[in-house]
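J.: Sending over a structure as structure tokens; questions will come in a sec.
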Amino acid sequence: MFRLLRWRLGRTLLRAAGRRCGGCTARLLPERAGDAGPGAERLRTRGAPARGHRVLPLLAALAWFSRTAAAEEQPGEDATDEAEAEIIQLLKRAKLSIMKDEPEAAELILHDALRLAYESDNKKAITYTYDLMANLAFIRGQLENAEQLFKATMSYLLGGGMKQEDNAIVEISLKLANIYAAQNKQEFALAGYEFCISTLEGKIEREKELAEDIMSEERANTYLLLGMCLDSCARYLLFSKQLSQAQRMYEKALQICQEIQGERHPQTIVLMSDLATALDAQGHFDDAYIYMQRASDLAREINHPELHMVLSNLAAILIHRERYTQAKEIYQEALKQAELKRDEFSVQHIREELAELSRKSRLLT
């Protein structure tokens, strides 16, 4: 049985939750150092053999949208007092350190910002700093610390009068659910996803009564957040081997992303591949091929940053459909792309898959 693997989680905040799980026919791709979460161990199910072709986990360095949960609480750029001006500069330095992959420096700067925020009793600065600290802990895999910091952020937001159905509260709740998923706390994870999805679906239903030109941007953000919640929940359901439910979640997420972002958006391509993986895990190889073929076509058109991984995914599904010659050609194309991007991890994986395909071809001749 050839193996099919999921993409790795999306960028920044979601990345710490670990690699996306393999389908039930597959073992997970070995983790890279530093990753955590449900994918940290290898899974083997349905008697999958020790070797076999699998879909690479994509880095998926893409976001549904980039706003942080407490963005609306960010201190103003036009600070009138010296303390707030200093806090703003510290926060800018911290974010720059995070972008430069200097987490230790960012953490020290954020602690200085938090101290100043408390000393000046600046509630917005306190909230925003907690949010940044929580996000930093999350991407570093410090899940227990991140959980407490996200809860502190939520407490300040709610204490400041923000409603429970506000997108910022739902986004933090999603991050908490992802933490519980990474910790294999199934009851808490599923309850968190259910809260996020039901809250946003109810909010969207109520907003349908508004005129089309009222708060259109806010409604679009709500739809995108719902898509992100569906995506995260589907990922966990697939990990939990609830395949048909995962498929339905991915179908809804893909529909939202296509409607709001468009078919050529990088995140849409990610979701097409994810849905294909869920279908493949259920043995629906022809349906999986349709989605993965479309994802690869679009990835080529837009020069997707993880094109080589999309192609590797496509090759694995072709093998499941016993299209070995075509699979070899796609793997070779994927290898060239991986070498161009100097992705040594993917290069090694694709070479292993080509070697396995050669062994299988010799057995069939």
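Note that the numbers count up from 1, one per residue, in the order the chain is shown.
Note: Cβ is positioned from N, Cα and C throughout, glycine not excepted.
Swiss-Prot lists these features:
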type	residues	note
TRANSIT	1-52	transit peptide
REPEAT	127-160	repeat 'TPR 1'
REPEAT	170-203	repeat 'TPR 2'
REPEAT	220-260	repeat 'TPR 3'
REPEAT	269-302	repeat 'TPR 4'
REPEAT	308-341	repeat 'TPR 5'
J.: Please work out the helix, strand and coil residue numbers for the repeat 'TPR 3' (220-260) from the DSSP assignment.
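T.: Once the DSSP states are binned, the repeat 'TPR 3' (220-260) shows 38 helix, 0 strand, 3 coil.
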J.: Could you give me the DSSP helix, strand and coil counts for the repeat 'TPR 2' (170-203)?
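T.: Once the DSSP states are binned, the repeat 'TPR 2' (170-203) shows 31 helix, 0 strand, 3 coil.
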J.: Tally of helix, strand and coil residues over the repeat 'TPR 1' (127-160) according to DSSP?
T.: 30 helix, 0 strand, 4 coil
J.: Check the repeat 'TPR 2' (170-203) for me and report the mean pLDDT.
T.: 96
J.: Going by DSSP, how much of the repeat 'TPR 4' (269-302) is helix, how much is strand and how much is coil, in residues?
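T.: Per DSSP, the residues of the repeat 'TPR 4' (269-302) fall into 31 helix, 0 strand, 3 coil.
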